[in-house]
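These features come from TrEMBL:
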BINDING   A:CYS78, A:CYS83, A:CYS119, A:CYS123  [2Fe-2S] cluster binding site
Amino acid sequence: MLTTEALVKELVEKNGRTRNSLMPVLQGIVQQEHFLSEEALLCVARELDLAAADVYGTASFYTFLDTVPRGKNIIRVCKTITCHMKGKDEIINTLSNALKIKVGETTHDKKFTLLTANCLGWCHKGPVMLINDEVYPELTPQKALEIVEEYAKSTH
Amino acid sequence: MENNLKKVDIIFEVDDKCTPLEVLDKTLKRSADDIILDLIDSGLKGRGGAGFPTGLKWKFTRNESGDVKYVICNADEGEPGTFKDREILDRVPEKIFAGMTICGYVIGAKEGYIYLRGEYNFLLKNLLKKLEDFNNALKKRNIDFRIYFKSGSGAYVCGEESALFESMEGKRGEPRNKPPYPTVAGYNSKPTVINNVETLVYTTMICHMGPEKFKALGTSDSRGSKVFSVSGDTPIPGIYELELGMPLHEFVNEFGDGDTKAVQVGGASGHCVPRKKFNDTIIGFEGIPTGGSMMIFNSSRSMYNVLHDYLEFFTEESCGQCTPCRVGCQQLLKGIEAVKRGERPPAYLDDLKKLTGTMKIAAKCGLGQSVGNPFNSIIDNFREEIIY
């Protein structure tokens with residue numbers, strides 16, 4: 001695995017050194033390291049010749065650009081009204097009990113983070129969750145558990 | 001009751017005799033002015049919700065001077081209740097690419113970008129493959145236009161066009177002051193056409209079938225059809241392409257569950273229509289305009305919970321740049337909670353309604369300006385549910 005510095009350099013090479021490439025660079029880091037560390041943000045600022053505060057200001061604006069450590073798998077359960085009507089609370093409670101964490105927390109083994117999301121765009125097939133970039137609509141508590149168990153097995 | 005609700009099939013129509021590339025070949029032989037005239041004649045208005053005439057937008061951008069112009073497809077669909085663009089991106093992406101290419105030809109742009117919301121990244125694999133094929137087909141035809149993807153990172157406000165440009169430029173997705181409008185200074189401060197996913201597909205289809213067929217659908221104020229995303233208390237949730245200008249009672253007859261008490265038209269930022277107004281509410285620009293979201297609630301639902309959910313959404317998604325929106329959203333949320341708990345008198349709801357009036361005038365972008373739509377329509381029609 002690349003060091004953070006090498007990863008940033010590689011992403012900057014690939015996406016370019018202009019301000020316009022800031023988002024893809026930050027997205028690339030999150031994909032690899034699951035969050036934006038202070039080291040990563042400083043490195044990006046150096047490479048793109050931007051103020052570190054400016055880079056942090058941009059990163060902290062976006063929900064998917066986490067600036068606190070996250071687990072390898074980020075679970076986002078949609079919480080808007082139609083998913084609420086179809087039982088998102090049950091899904092959250094089930095996952096929360098199974099993983100032994102509250103919303104916003106990460107498991108001790110750093111495998112999972114449980115979050116809520118504002119509308120994932122599956123209002124007709126709620127409740128729905130996103131794990132990393134994969135979407136799982138029409139959940140039942142049982143189905144949600146089985147999916148997460150699969151991730152637990154495949155994450156070493 | 002008789003139902004005249006007309007389902008149409010333009011966007012998802014599978015017509016083997018006509019591929020998007022063939023529409024492109026046919027259309028690019030015509031003059032840019034003719035294409036603009038057809039679009040204006042068709043009456044197509046933007047399908048993202050704001051409803052600006054598409055042909056005029058293209059015309060204004062074409063008339064701007066400068067070598068560099070851009071075409072941007074707004075695929076940052078994030079309005080609760082709306083999921084039509086995802087379906088279009090998944091099923092008929094080539095029709096979007098063709099629309100962007102036609103637009104590029106009309107305005108004189110060489111680059112197009114699709115700004116896809118981060119929540120839809122799972123679509124990327126398939127889309128990138130199709131885009132590569134499409135870009136190669138353009139190269140083969142010596143068409144000097146390329147399309148690229150940009151991913152969002154989970155910010156509802158980036159669906160606002162100027163916030164979207166800021167995000168593409170690597171900044172916080174905060175809306176800009178207008179004017180200048182995107183047609184003058186958009187992405188990278190260059191003249192830009194930014195259209196919703198659905199709008200771009202309709203431009204392709206109007207070029208294919210001619211403006212007359214499109215114009216024949218809908219009403220004089222709301223021409224054509226559009227894609228509706230139906231969710232909530234309905235036995236048949238999903239995506240439907242319907243003629244614009246339908247009365248809401250016909251919609252409820254078709255999609256309601258027999259116990260429908262209210263329909264939230266136009267997503268969380270739209271209007272909530274109670275049963276007693278179903279008969280005289282038109283879905284279209286002459287009545288209640290919508291980006292396509294129709295959320296149906298039956299009598300078992302608490303409208304307090306519905307409003308609370310919407311306000312939580314706006315409080316979290318407000319970009320925080322302007323005070324009317326940032327503070328306003330929070331105060332509305334705290335306000336209805338205080339009334340519910342009995343800490344404030346019911347008349348406090350009227351003070352909160354005044355606050356939405358201030359937000360409408362003073363907020364910088366559509367997010368803060370439109371929070372009053374759900375707030376006032378739910379307070380006015382379901383006041384007792386908010387208080388007790």
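Note: Cβ is positioned from N, Cα and C throughout, glycine not excepted.
Heads up, TrEMBL stuff is auto-annotated, nobody curated it.
Sequence-distant neighbours of A:CYS83 ([2Fe-2S] cluster binding site) (same chain, 6+ residues apart, CB-CB distance under 8 A): A:VAL77, A:LEU120, A:TRP122, A:CYS123, A:GLY126, A:PRO127, A:VAL128. For A:CYS78 ([2Fe-2S] cluster binding site), the Cβ neighbour count at a 10 Å cut-off comes to 29, with all displayed protein chains included. For the binding-site residues shown (A:CYS119, A:CYS123), fewest C-beta neighbours within 10 angstroms: A:CYS119. In the three-state DSSP scheme, A:CYS83 ([2Fe-2S] cluster binding site) is classed as helix. Secondary structure from DSSP puts A:CYS123 ([2Fe-2S] cluster binding site) in a helix.
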